[in-house]
Amino acid sequence: MRAYPRLILTAVTAIICMSLLVQTFNAGQGTSVHPASHLAREARSLQSNQIEAGNSSSYSGALDSQSSVEKQRYIIEMMRHAWNNYKLYAWGKNELKPISKRAHLSSVFGSGEMGATIVDGLDTLYVMGLTDEFREGRDWIAEHFNINEIDSELSVFETTIRFVGGLLSCYALTGDTIFRDKAAEVADALLPAFETPTGLPYALINPSTKASRQYHWAGPNSILSELGTLHLEFSYLSDVTGREVYRNKVDKIREVLYNIEKPGDLYPNFINPRTGQWGQRHISLGALGDSFYEYLLKAWLASNRGDEQARTMFDTAMQAALDKMLRVSPSGLAYLAELKYGRVIEEKMDHLSCFAGGMFALAATTLENSLSERYMDVARKLTHTCHESYFRSETKLGPEAFRFSNAVEARAQKSNEKVYILRPETFESYFIMWRLTKEQKYRDWGWEAVQALEKHCRVEGGYTGLTNVYHQNPQGDDVQQSYFLAETLKYLYLLFSDDSLLSLDEWVFNTEAHPLPIKGKNPLYRMASTPVPIEDNRV
């Protein structure tokens with residue numbers, strides 16, 4: 001494996017260019033020193049000297065006027081707290097119940113020992129320079145992770161973005177082939193779900209029995225945001241393995257969606273994989289639709305702008321979405337409503353939609369066209385609205401969904417909307433908006449969120465979601481989501497980093513915040529040297 005030059009972090013910047021920062025972890029000897037371990041060691045010292053279990057929140061407040069490096073150190077400690085408690089109480093299981101201090105057995109991946117938190121959080125550990133923790137996670141994957149032993153139904157979408165995406169990110173960062181090979185094993189286990197008349201995959205698959213089916217609540221339909229959020233991972237996997245089978249699967253999905261008639265240039269959330277016809281005409285940039293549009297833009301970016309079809313599909317759909325779905329409240333807050341059969345059905349916005357500020361900003365700054373100015377204006381306004389949903393709650397954390405009417409704006413009204421489940425989408429937009437605009441408010445808002453997380457979500461056994469963000473002393477939901485380590489803490493950490501760490505010019509983040517290299521621009525793309533022969537290119 002190739003080794004990359006090591007540079008020592010300076011007291012001035014604390015972060016160096018990622019292409020120089022990356023060190024390959026030697027799988028055989030288990031020895032390697034990440035250049036950012038200097039920062040990790042300082043963070044450990046910071047924990048022992050300044051952060052004690054009882055006053056972590058007061059320390060976060062004391063950092064209000066301190067440097068970005070100090071804030072990064074603090075977020076590293078948050079990561080270590082989440083990781084160490086998962087290791088202590090739920091190691092090898094999928095997620096942690098931080099209040100009960102035991103494994104969470106009813107997660108999206110069930111009770112099996114897939115190590116979802118390990119795989120999801122591993123690249124965050126690497127980026128933060130937590131090399132000891134990274135190595136123990138890597139070794140667990142090498143010794144214990146076997147997708148084919150799982151005898152339960154898995155979401156094709158969730159397994160792709162968290163497992164295939166997380167493993168491929170670690171492969172790009174380190175060059176350790178165990179990650180590439182495990183990613184291919186996971187993708188191979190998912191391939192039977194694509195065996196439909198149209199090539200559109202079913203939602204669920206059992207890796208042991210190979211049986212696939214849809215969610216009961218979706219009837220015969222697959223979900224747009226799920227089948228449309230596989231392209232980055234499967235395309236990159238083909239390039240690093242030399243096996244075209246993965247790319248062929250997602251290219252078929254693209255072909256179907258490109259050719260199908262689209263109502264008003266938009267894509268409904270439900271499509272039948274047997275007939276290739278739309279289900280109910282529900283359209284959303286939140287739940288059920290969101291990341292499909294994100295991946296159109298990011299497929300174009302990841303291909304070094306070679307996938308022009310994806311960008312055209314994105315711009316066409318976004319022009320229609322902004323014309324038909326962008327709303328403005330009486331006080332001037334912009335938000336994205338949902339449509340059904342061409343009409344707005346509810347004046348509300350999902351927390352999941354809060355990624356859109358960052359998405360529109362990326363679209364505005366990566367291609368100058370007739371939509372660029374409008375994209376950036378919308379990016380600013382949507383990110384502001386999402387911040388307002390946080391600011392208007394007693395905990396300063398945002399609800400799962402928020403509504404707009406003459407009586408209420410940017411606040412949840414239904415009890416199931418008032419929860420905060422450690423979601424990252426708002427912080428993702430803060431991160432991208434900071435990188436692209438350098439407006440200080442985005443870092444300020446991010447630090448407000450860190451303080452709120454520490455005050456309300458941190459418990460002795462990790463980090464918990466909240467059942468009601470409008471209570472001053474909210475009850476925890478007792479779940480530390482794997483994406484809290486993969487996304488929430490990663491985006492907050494990167495918000496305070498130098499631009500050269502995972503530069504947006506060289507990396508694209510999948511929808512689970514796993515960074516994948518841009519083809520032709522990032523030396524860590526690690527293209528396979530020779531394609532696999534056709535006869536060996538099957539599962």
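Note that Cβ sites are derived from N, Cα and C of the backbone, with glycine treated the same way.
Bear in mind that TrEMBL entries carry predicted annotations, made automatically and left uncurated.
Marked as active site, proton donor by TrEMBL: E158 (among others). Taking Cβ-Cβ distances under 8 Å and a sequence gap of 6 or more within the same chain, the neighbours of E158 (active site, proton donor) are V108, F109.
Residues or ranges marked as active site in TrEMBL: D290 (among others). Non-local contacts of D290 (active site) by the CB criterion (under 8 A, 6+ apart in sequence, same chain) comprise S225, S284, D350, L352, S353, F355, A356.
Among the features that TrEMBL reports, active site, proton donor is placed at E400 (among others). Proximity of E400 (active site, proton donor) to non-local residues of its own chain (separation of 6 or more, Cβ distance below 8 Å) is seen for D350, H351, A412, N416, E417, K418, V419, Y420, I421, R423, given in sequence order.
Positions annotated as active site by TrEMBL: E425 (among others). In sequence order, H351, L352, S353, C354, F355, C386 make up the list of same-chain residues 6 or more apart from E425 (active site) whose Cβ falls under 8 Å from its Cβ.
Annotation comment: TrEMBL describes T511 as Ca(2+) binding site.
Look at TrEMBL and you will find C354-C386 tagged as disulfide bond.
Marked as signal peptide by TrEMBL: 1-30.
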